[in-house]
Every structure is written in C-alpha cells, then in structure tokens.
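Novice: Feature table excerpt (TrEMBL):
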type: DOMAIN; residues: 64-310; note: domain 'G-protein coupled receptors family 1 profile'
type: TRANSMEM; residues: 48-70; note: transmembrane segment
type: TRANSMEM; residues: 82-101; note: transmembrane segment
type: TRANSMEM; residues: 121-143; note: transmembrane segment
type: TRANSMEM; residues: 163-181; note: transmembrane segment
type: TRANSMEM; residues: 228-248; note: transmembrane segment
type: TRANSMEM; residues: 260-282; note: transmembrane segment
type: TRANSMEM; residues: 294-312; note: transmembrane segment
Amino acid sequence: MDGAFLQTLLTITYDTTLSRAEVMALGNFSQVTEFILLGLSDTRELQVLFFIFFFLAYAMVLLGNLLIIVTVRTNPKLLSPMYFLLCNLSVLDICCTSVISPRLLVDLLFKRKAIDFEDCMAQLFFLHFVGASEMFLLTVMAYDRYTAICKPLHYTAIMNQRVCWLLVFACWAGGFLHSIVQTLLTVQLPFCGPNTIDNYFCDVPLVIRLACTDIYVIEWLMASNSGLISLFCFLVLVISYTFILVTIRVRFTEGHWKALSTCASHVMVVTIFFVPCIFIYLRPFSTFPSDKHICVIYTVLSPVLNPLIYTLRNNEVKASMWKLWNHCRMQISVVLSPPLLASGPLSPSMNRFFTVENT
C-alpha cells in the first residue's frame, strides 16, 4: 500500500463531509462490522455489582409483569379497559427490558464488549419500537383515566372493547412506524471510522455520530422524531392529568379519591419514563458522560417500578393476587397429598378447612 492511498484512506475516515457514494468510490476499505460497547464501568468490582443489580432487576421485571398479566387474565372482575391497558403495558415492559438486559448481563461477564453491526441495528430497532409504543400507550392510559373521571356516564360507551383494541393496535403501529424510520435513517449511513460506543446498548444518537459523513440533517430528523414524540406525549399527559385534578377538586367524592390515587401512580410512571427520554433525545449535537447512567432510568428502573407502583397502590389488583396465590396454594396442596383425599370421607374439621379455602 503506497503513501498516497494511505493518505486517502485517512482522509476518508476522518472527513465528515463525504457521502456514502463518494466514500465507496475513493477506495476499497473495510467497513465497520462490529461496535465496541464501553458499558457502565471498566472496573471489575463494579461490573460484578452491576451484574447482580441488573440480574435482580430483570428477574423482578419478568416475574412482576407476568404476575400482573396472569392476575388480570384470570380474574373476571378485572376486565375494565384500565386493566386491559395495564396488561399491554406489562407486555411492553417485558419486551423493553428483554431488548437490553440479556445482552448487558452477558457483556458484564466479559472484558471485551462487542456487538455485530446487524445485532446493533436490530437492538436499535426493537428498542425504539417498544419504547415508542409504550409512550403512546401511557398517553392512551391517561385518556382512559380522563374519560373515567371527567365523563363517567359515557365511559363504557367511549372505552368499549373495540375502541380499546383499536387504541392498542394504534400504539403498536405508531411505535413500528417511528422505529422503522429511525432504523432506515441509521442503517444507510457509512460507518468506516471509529466504532466505540460509550454506552451499554446501541442507540440512535450515539451510533449516527460514528458515521463518516455529514449528519447535520440526520441529527435534526432524529431529534424531531424521537425528541418531539417524547415531548408531545408528555404534554398531552400533563394536560390530561390537569383536567383530572380540576374535576376532582370541583366534585370531590370517595370514588374520586380512589381515582386520584390511581392517577398519582400514573403520574409517577410517566415522570420516571418521559423526563429522561426528553433529556436524551431532544438534544441534537451534544452528549454528556452521564447520559448512559440516565438511560438506566427508562430502560431498567422504569420497568422495575411499574409492577410495584400499579400493584402496591391498587387494592383490586392486590386482592386478586392474593386470591390467585391462595388458589394456587390450594391446588398444590391437593396435588401433593393424594393419599389423604383418596383414603375416604373427610373429617368435619377437614371439611371446614377446605370450605374456608374455597371461599
């Protein structure tokens, strides 16, 4: 390789004004085939602590959200639109965490944290697909609470089963449309220079800054896509809950106090999820070292807190979970003690025991 060609190669690598076609035309070079993730820390002791923390967090997300789904689906009393939307939120939380956590846990066990280009694009796609769908769903949940509190007489007509399914489908379709735009804008960029990502997962703002081309327009498109969606949904949520608070203040009853408690849990979820997203995605042309730690809030912490917030502050869900637990415990006791049941008629005391369990 002569000096002139080497100089051309260096120019291609660091010049940020070349298009993909121009870069490919100037020489035959190796494109980036993998990215190196720096992770949250390079200290081995901290990596062990992070592994324990994220493993427990992932287990809590899976168990907590699966428990919510099973509880809602098995209890006929929890068939209202609010619990139908809660089930979908649990599914999205499981998907969102599963896009990030398994890869993160594996990387914490190894010193070199590399991810293939195709895997990086896939992770980017599914993260934005699920994340945007959750934003839209939280907005729909706010509308559901607004309708239940501000228009109680028309609630069942407005939020019927068909409307609920259409709203959920629109959330998933909107998330897919948002994600496919983000992914297509990213995958068509030329990556021929540095391949180090200062984070624990692949995300659009960090990946596009590694492209060896001018990304001024792309960054503005990304900010207007992800950032404005986050901001718009958050503003809609704030307006909805403002109307709810005004309505509760005007006509305060015991039923409205219960609704206020539910809305308080929703506001907590919304704040934890949306504020970090707005901070990360509504900032083109700038990154901070603390960004990857802020990402932990909406990728890990928010899915962990959702089951806790929605169950600990909801008496109906808690009562249904206890009923499900007692039913499962009774079934297990019956399976584990067949000789007792097959030995003949039960004594009066055992009859009373099973009668109490069944009630």
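Each Cβ is built from the backbone N, Cα and C atoms, and glycine gets one as well.
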Novice: To what whole number does the mean pLDDT across the domain 'G-protein coupled receptors family 1 profile' (64-310) round?
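Specialist: Summing pLDDT over the domain 'G-protein coupled receptors family 1 profile' (64-310) and dividing by its length gives 86.
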Novice: Taking residues 6+ outside the transmembrane segment (163-181), which of them lie with a CB under 8 Å of any CB in it?
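Specialist: The answer is 81, 84-85, 88, 125-137, 140, 225-226, 229.
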Novice: To the transmembrane segment (121-143), which of 48-70, 82-101, 260-282, 294-312 is linked by the most Cβ pairs under 8 Å?
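Specialist: Per the Cβ count, the answer is 82-101.
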Novice: Residues sitting near the transmembrane segment (48-70): Cβ under 8 Å, six or more positions beyond its termini, same chain?
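Specialist: Counting only partners 6 or more residues beyond its ends, the transmembrane segment (48-70) has Cβ contacts under 8 Å with 40-41, 86-87, 90-91, 93-94, 97, 101-102, 104-105, 108-109, 300-301, 303-304, 306-308, 310-311, 317, 321, 324.
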